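Report on the structure given below.
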């Protein structure tokens with residue numbers, strides 16, 4: 001017989017299934033402790049956390065790549081001798097040293113985009129696949145780079161050491177000591193980036209995210225500045241300027257500032273609204289101060305000049321990228337809208353080929369800066385050179401690069417985000 005309390009219990013199936021067993025002890029019916037819950041009767045598992053959203057494509061950064069390569073063209077193409085306006089525009093680019101800013105923009109963009117994809121993979125999988133990273137980089141970079149090196153070797157007389165440095169991506173340490181006009185001398189910046197790709201994935205994988213953010217925002221830029229100062233103090237002035245400008249140790253300033261923006265994004269750390277503008281204005285101020293000091297003879301055009309210029313260009317470039325990535329004010333939205341237009345985005349997509357082919361082709365056409373330093377070129381010659389460079393880059397992109405990009409996309413972790421946000 002059940003007790004009064006037991007009779008009052010509900011009779012639902014769930015209640016009967018989970019009621020504790022009864023035993024008769026000394027003439028009374030009592031409830032005994034329930035046995036352990038079966039492994040088939042566990043409590044509902046907590047809902048899994050939602051998967052990380054794939055990294056958003058940032059179309060304005062394609063447009064910024066286009067601006068970067070056009071700035072390089074501005075100073076590498078010869079001036080138009082038969083046009084006063086063309087000559088004035090070319091002179092303005094030389095005065096502004098626009099090409100230097102274009103190269104720095106490429107470095108900051110590379111630091112941001114490469115670190116962004118590495119951090120995302122680390123957050124999703126807990127690690128970084130070095131094998132996959134290097135395969136993807138090789139498919140993107142090597143084919144047309146070594147095509148250009150082969151054309152250079154077959155077309156121009158060359159020094160064996162120069163060719164060896166091009167083949168091994170160490171030209172940035174060869175050229176400062178052998179500053180001879182060279183159809184592949186623009187490859188120094190690609191050497192810097194390749195050396196960055198070689199070591200950076202392992203650092204992103206091994207260094208805690210909080211420490212990595214502080215290193216990229218403070219420690220590495222300070223170390224790069226110290227390296228520039230050391231070169232300026234210890235290396236002959238004629239060599240020091242080029243070495244500061246081309247060395248990976250000093251160029252880590254721009255690359256790490258770009259990486260710092262990626263760390264900020266992955267940790268959802270807010271950026272003060274004024275910070276991008278402070279970087280832009282600070283960089284402009286430093287470059288103005290640097291040019292003025294050089295013009296009045298306070299500093300030489302070598303090491304000391306480039307020590308200051310290095311920081312100025314890096315700040316302007318980092319400010320521009322952070323404005324597009326983090327800022328939400330009206331000016332930033334307008335800049336993103338302009339840079340995300342289809343023509344600029346397309347130029348940005350083919351910018352690697354534009355940069356790689358243009359200098360080599362200008363030499364082949366006899367229109368390189370060293371070849372046309374005093375005479376300039378006709379408007380027809382400049383137009384023809386531009387058409388040849390752009391046409392070559394377009395054909396290269398669709399015939400060589402795009403198929404390899406599709407092949408590159410096969411190498412990646414499962415559920416990886418779309419790879420279109422980085423070259």
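In case you wondered, yes, glycine gets a Cβ from its N, Cα and C as well.
Those TrEMBL annotations? Automatic predictions, nothing curated.
According to TrEMBL, the region 'Disordered' annotation covers 1-20. TrEMBL lists 59-392 with the feature domain 'Acyltransferase 3'. The transmembrane segment annotation in TrEMBL covers 63-80, 100-119, 139-158, 218-237, 274-292, 304-326, 354-373, 379-400.
Each of 63-80, 100-119, 304-326, 354-373, 379-400 was scored by its Cβ pairs under 8 Å to the transmembrane segment (139-158), and the highest score goes to 354-373. Tertiary proximity for the transmembrane segment (63-80) is limited to same-chain residues at least six positions away from its ends with a CB under 8 Å from its CB atoms, namely 86-87, 89-91, 93-94, 97-99, 101-103, 105-106, 109, 186, 320-321, 324, 338-341, 344-349, 351, 354-355, 358-359, 362, 367-369, 371-372, 376-379, 381-382, 385-386. Counting residues 6+ beyond its ends, the transmembrane segment (100-119) has Cβ neighbours under 8 Å at 55, 61, 64-65, 67-72, 74, 128, 133, 189, 192-193, 196-197, 200-201, 204-205, 209, 216, 245, 251, 254-259, 261-263, 265-266, 309, 313-314, 316-318, 320-321, 325, 355, 417, 419, 421-423 in the same chain. Averaged across the domain 'Acyltransferase 3' (59-392), the predicted model reaches a pLDDT of 92. Away from its own ends, the transmembrane segment (304-326) comes close to residues 58, 60-61, 64, 97, 100-101, 104-105, 107-109, 112, 221, 224-225, 228-229, 231-232, 240-241, 244-245, 250, 253-254, 257-258, 260-261, 264-265, 271, 275-280, 282-287, 289-290, 293-294, 332, 335-336, 339 of its chain (Cβ-Cβ under 8 Å, at least six residues beyond either end).
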